Amino acid sequence: MGNYNPPYEITDKIVMLVASIAEKSGRIMEYYKVGMSETNRERRIRAIHAFLKMEGNQLSIPEIKEIVEGRPVSVSERVIREVQNLYAVYEYMQEVETYSIADFKKAHGILTKDIASESGEFRQTEKGVFNHNQFFMAPPARFIEGQMQELFAWMESQREKIHPLILSSIFHYEVLFLHPFTDGNSRLAQLWQTAILAKWRPFFTYLPLETQMERVQGGYYEAISICQMERTITGFIEFMLEQIEIALDEIKKEPKEPVESLSKYVKKLLEAMEEDIPYTANEILELLHLKSKDALRKNYLNPALESGQIQMTIPNAPKSKNQRYVKSSCEKK
């Protein structure tokens, strides 16, 4: 794994923020609807708007919605492609293996399709970066492949030891520091942090974190610059946890969503399963042509179980190796 060892310490502030976020997110999980509801669709469009605004693009939310829905908008082809790519990468993020460097590259390829010259590949040239009026040279291109391999290997080794709130913040910062791609590093760093958190709490997929980050853009770049000067990630971890807590507080103020209709994932699951036939998780993976068990649980099994569309054969032992899933004979519509 090399000698990668991120420079940070667990402060009292970090401990308090992690505890607070865990408690608040646990309460939200009790009622939050995961899936492409109309509310979550609007959140995603606002997230795209925030990403674009952070980079100086003044495209309005209605214009973004028009592009997403395939309607003509009087903007450049590049801007249209940026919106389409962001929407597509959000969809892909629901099935990524967050500790897979191949999936990380693929996500970049989707994010920068027809925009970046080295889409989906680590940069081959040197990169100077401006952050909050500070300039620094990113690590030499010849080291990037090895450094990213070390970062992902370290994450994999620490996934059961370090809380995902902290682990995802460290990864976010390191991507900004290494600048592994010619373009799209900040966007992908934020998206990947969200993907890591969504494995812990599925509703993070739709948490309005990007909107909050756009509001504190100056503080974001300042936190990065301070950490680079002080050679520690601690301040950035604290900053990101503060923003996550603020985003959680905002979502708590929203009306609770009634679970009304089936998501496209549950519909696909029900179409693939036959009634009264028990399936293992691996069998369902094959039926749906999926590769990620995390995506299967989050998008398909858990929502279908919660709505009563399917049942476990051993409900008192959800993680039993003998667990099977059966399509209910009377589905809820």
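Positions of Cβ are set from backbone N, Cα and C atoms, glycine also.
Copied from TrEMBL, the annotated features are:
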ACT_SITE  His179  active site
BINDING   Val129, Phe130, Asn131, His132, Tyr220, Tyr221  ATP binding site
DOMAIN    99-242  domain 'Fido'
SITE      Glu55  site 'Important for autoinhibition of adenylyltransferase activity'
Using a 10 Å radius around its CB, how many other CB atoms surround the residue listed as 'active site'?
23
Taking just the CA atoms, what is the gap between Tyr221 (ATP binding site) and His179 (active site) in Å?
14
Counting by DSSP secondary structure, give me helix, strand and coil numbers for the domain 'Fido' (99-242).
95 helix, 8 strand, 41 coil
Could you say whether, by DSSP, Glu55 (site 'Important for autoinhibition of adenylyltransferase activity') belongs to a helix, a strand or a coil region?
coil
Among all protein chains shown, how many Cβ atoms are found within 10 Å of the Cβ of Tyr221 (ATP binding site), not counting that one?
18
Can you work out the mean pLDDT of the predicted model over the domain 'Fido' (99-242)?
90
